[in-house]
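To start, the structure itself, in structure tokens.
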């Protein structure tokens, strides 16, 4: 049955034709050509334009056309802060090719249809769906000044949750907070089948009814010993990445908090039932011990024991804990130490590095309450933006950050900060291996650690690499270097075919010429 459904999906696309790309007289889609393209864009400079570059012979363009037309009609009537207009440009036409729309220095595309959002002289690729409702949703959000991806997350899109018949048998897991208690930390001794899918993938859509049928059959066969779940990995890609899922549709088998096996040869409902039955026979233990429940919260500690150094605002306002206290004390010592040893006259790399460090702590701090507290403090006016202008300024800022995180009221003037003076640590005595200073470029290491490891052997190498990366970034903005060209250059340097000095001279010359031409 699945093969018939999938073939039917393909047939639906096959029945679209060149005529589908022609706009009727009442269409709200603006059809452009070489002669009026720039005039149209200038006329709608302050509006929000969704521009489609297409070719009439392109099957995907033919399938998109009716959805695009419907979205244009609805958006033309919409009351939005910015007017939204939809336009299309036949890039397959020989005369229109004079526009060079696909060139790297223009819109930089290599396939049809390619869609871009244009406003106020800038453009970016359209990242929404290709059905009318998706286009309307995405462009409405952009016109309101909202992030369409964040807005979509709020709707928690899924193939199963909004279908009453489907949701009886398959539970859509909306994010990692649902994935963890249902899959990784569930105390139930249950086999769990989970499909990772995209709600915009035609094959995933055709598979949905097959997956539901399989889950229905599995429930009849194994009762509560098997449960079915699904994750929209287009939206919740971080959940998919965490479990090593690299595509969709993808079905995986979980038991006792671990992923046991990925399904090969995904087909109709029978193939899923047969595979799960095999997994059940091999892995299910009716007398097995369920995975332990999530660890309990750390034991509370009286406030006087922590001397006010633990981060406040723990789960359910439970107060300071031993774990949070230790984490915070280590983070506190690290930040104050870095500030104390930070240069009074920092380089650009010093400035970016300390910003990245603080941001990384707010992103990855290994405690949920600590993460929340850090982010709140970093967004407070009392702390203000991080001051990286000098060591004393950074130390004062770190002091304000600590005051915002704890009940303490440290003196953040120079007199107060002198009490935090930290001497050098004897790392050899502490057990660290010692070696001669190594050449270093923070900017290059952050951008490409492998390149740093293999190429930077001297201080001269580090300087050249920094300059090369700067010029490379500028050349990409000017359309001189493409991603493919950047990769080729990198591989050439890593293989020793050419030196970074040669590329630095070449790209510097190209950038200089391009800047001269643009100023003429």
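The first residue you see is number 1, and the count goes up from there.
Placed from the backbone N, Cα and C atoms, the Cβ positions cover glycine too.
Unlike curated records, TrEMBL annotations are generated automatically.
Looking at the stretches 166-204, 205-243, 244-282, 283-321, the one that TrEMBL records under the feature region 'Disordered' is 283-321. Each residue of the domain 'Thioredoxin' (155-281) gets a DSSP state, and the totals for helix, strand and coil are 57 helix, 27 strand, 43 coil.
Residues belonging to the domain 'ERV/ALR sulfhydryl oxidase' (318-426) score a mean pLDDT of 74 in the model.
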